[in-house]
Amino acid sequence: MFPGSVIRKLSHSEEVFAQYEVFTSMTIQLRGVIDVDALSDAFDALLETHPVLASHLEQSSDGGWNLVADDLLHSGICVIDGTAATNGSPSGNAELRLDQSVSLLHLQLILREGGAELTLYLHHCMADGHHGAVLVDELFSRYTDAVTTGDPGPITPQPTPLSMEAVLAQRGIRKQGLSGAERFMSVMYAYEIPATETPAVLAHPGLPQAVPVTRLWLSKQQTSDLMAFGREHRLSLNAVVAAAILLTEWQLRNTPHVPIPYVYPVDLRFVLAPPVAPTEATNLLGAASYLAEIGPNTDIVDLASDIVATLRADLANGVIQQSGLHFGTAFEGTPPGLPPLVFCTDATSFPTMRTPPGLEIEDIKGQFYCSISVPLDLYSCAVYAGQLIIEHHGHIAEPGKSLEAIRSLLCTVPSEYGWIME
């Protein structure tokens with residue numbers, strides 16, 4: 001086999017995802033009839049529009065990673081007939097192998113009675129959540145056009161997305177002296193942290209494993225009430241959810257005197273000038289930090305307001321914009337001496353995806369796949385079709401415990417504050 005052409009070298013911020021072979025996936029439950037040929041045409045059009053998605057990764061002689069073009073066509077959709085299931089399992093191999101040395105993008109369709117399950121797997125070095133959501137939306141839009149008109153739409157090949165480092169350099173943003181993590185130094189080794197049992201996680205190089213995930217959905221009414229509550233108190237949904245997660249973690253940890261370090265990504269597309277299109281960059285994220293000092297009388301509105309105030313201050317002084325330039329390519333979890341970190345993504349608002357007549361989206365689920373021996377523990381949030389989704393990813397002893405407590409808090413807060421739907 002002859003080596004392919006190198007498209008470009010992965011940047012520092014992208015290499016961490018290559019080192020741990022990190023893929024993200026979005027699984028969509030569909031009800032109705034699926035036109036497999038039209039979906040195949042839509043997927044081909046997506047790849048022609050974003051040709052870099054058909055590439056793969058190769059390690060370079062200096063230990064880094066290269067993005068390499070393939071001479072062969074992408075393998076296309078993997079279709080599994082789940083209607084011939086035995087013992088509840090679809091016929092064929094439903095476990096798609098994820099191999100970054102072969103492909104960075106996969107699409108799997110499992111046909112079921114009355115519908116299907118569609119999963120798009122995307123290597124994290126090529127796309128963050130915002131970028132990935134736009135690709136899924138484009139796939140469904142092209143599929144709808146292919147079904148209704150016979151044509152998946154115009155194709156204009158897009159350039160290879162830029163790394164975070166390249167985008168920041170274009171805008172004159174350079175590494176400063178502070179990363180934002182300095183606010184955690186005051187609690188480093190300042191408390192006696194109770195020992196917790198760490199689950200063993202076996203890494204299998206070349207075979208990324210699914211990270212367990214549990215999740216909750218709020219109803220449209222519950223989500224609407226929560227958003228109205230936030231507007232009343234001039235708070236974003238992200239801030240209210242973050243405060244609820246931190247209050248829940250404080251309660252479950254049973255260490256009331258120990259502050260909680262909180263870290264969350266900030267989509268810099270909304271911050272930089274000129275703005276950046278969703279698929280113009282790979283992982284265009286800054287890291288925001290907050291030290292939650294919670295007590296028995298801590299109020300969710302006060303906590304959320306302080307999170308927002310801290311974020312605004314860090315954006316104003318430029319810390320968040322350059323924060324990603326400070327971090328290495330090794331993931332080691334919470335640093336020694338620091339209380340366990342809480343990490344949560346911002347609530348991405350997914351567009352209401354187009355579907356042809358007779359096909360409906362019933363459910364959406366995200367998942368991570370990676371080869372890493374450090375146990376993961378993180379929250380992710382999204383809003384789809386007016387409903388808030390919170391997922392808890394990781395190797396956690398009681399995965400549903402925190403989510404149920406978060407649900408209870410988020411659903412009771414509007415009424416406890418006397419907010420009533422008119």
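Glycine residues also receive a Cβ, built from the backbone N, Cα and C atoms like all the rest.
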Can you check which of Thr198, Thr255 Swiss-Prot annotates as phosphothreonine?
Thr198
Cα nearest Arg312 (site 'Important for mas ACP domain recognition') among recorded positions (His124, Asp128, Thr198) -> Asp128
What is the Cβ neighbour count of His124 (active site, proton acceptor) at a 10 Å cut-off, with all protein chains included?
25
Just to be sure I understand the packing, how many Cβ atoms besides its own are within 10 Å of the Cβ of Arg312 (site 'Important for mas ACP domain recognition')?
11
Counting other CB atoms within 10 Å of each candidate's CB, the least crowded of the recorded positions Asp128, Thr198 is Thr198
Secondary-structure category, per DSSP, in which Arg312 (site 'Important for mas ACP domain recognition') falls:
helix
